[in-house]
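All remarks here apply to the structure that follows.
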């Protein structure tokens, strides 16, 4: 499977820097990496999607076309920008914003009906990991049971919560074992990404694992040259 790289800016990128970053990436991305790169700015960091060489996506959207949902971004907003790729289930939204499994299912089903490409994030906390691999498998299985694993526009991103933003990536052995388990559950055509303290120093080794189809990168993607270094390993 062709390997891909995704950048999640979270809420860390200044608005106009985000705009300049997108335009520079479009100009400088090498042909061998066309269509293998995805970028998820915050909503104000988005631009109307006229980019030809990479995919522009949204970090979040409310599962309605439009309406009285103060502060929310809806499918109509994204469609107006010609954006049809969306992150769902990121641990920061699960934990900080209390997005429940039932709400994540509602989001998934709604944007599936719109034929969006959905990047669905899963991952366990350290307390689960410390209970052993059986507990990890049960936890991840539960996170996936409410969505359609045969949806052809699905990408799954495994991000162990204890590795996100901690500068401590999961070990290569942990990634190998966990991705091997997830590959048994997922449709064979569904890309499976790793995320969690990915950077330019460890990306190449992680991409060397056969069951890793790409990377979801947070803070290491905020500087374009860092992100381009990671892209070069694809």
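The backbone N, Cα and C atoms fix where each Cβ goes, and this holds for glycine too.
197 is the only one of 171, 197 that Swiss-Prot places in the substrate site (with 8, 9, 10, 165). Within the same chain, residues at least six positions away from residue 197 (substrate binding site) with a Cβ under 8 Å of its Cβ are 163, 164, 165, 166, 167, 168, 169, 218. Per-site Cβ counts within 10 Å over the recorded positions 10, 90 peak at 90. Counting other Cβ atoms within 10 Å of each Cβ, the recorded positions 9, 159, 165 show the lowest value at 165. In sequence order, 40, 59, 87, 90, 195, 216, 217, 218, 221 are the residues of the chain that are 6 or more apart from residue 8 (substrate binding site) and have a CB within less than 8 Å of its CB. Farthest C-alpha pair in the substrate-binding residues 8, 9, 10, 165, 197: 14 Å apart. Between residue 10 (substrate binding site) and residue 159 (active site, proton acceptor), the C-alpha separation comes to 14 Å.
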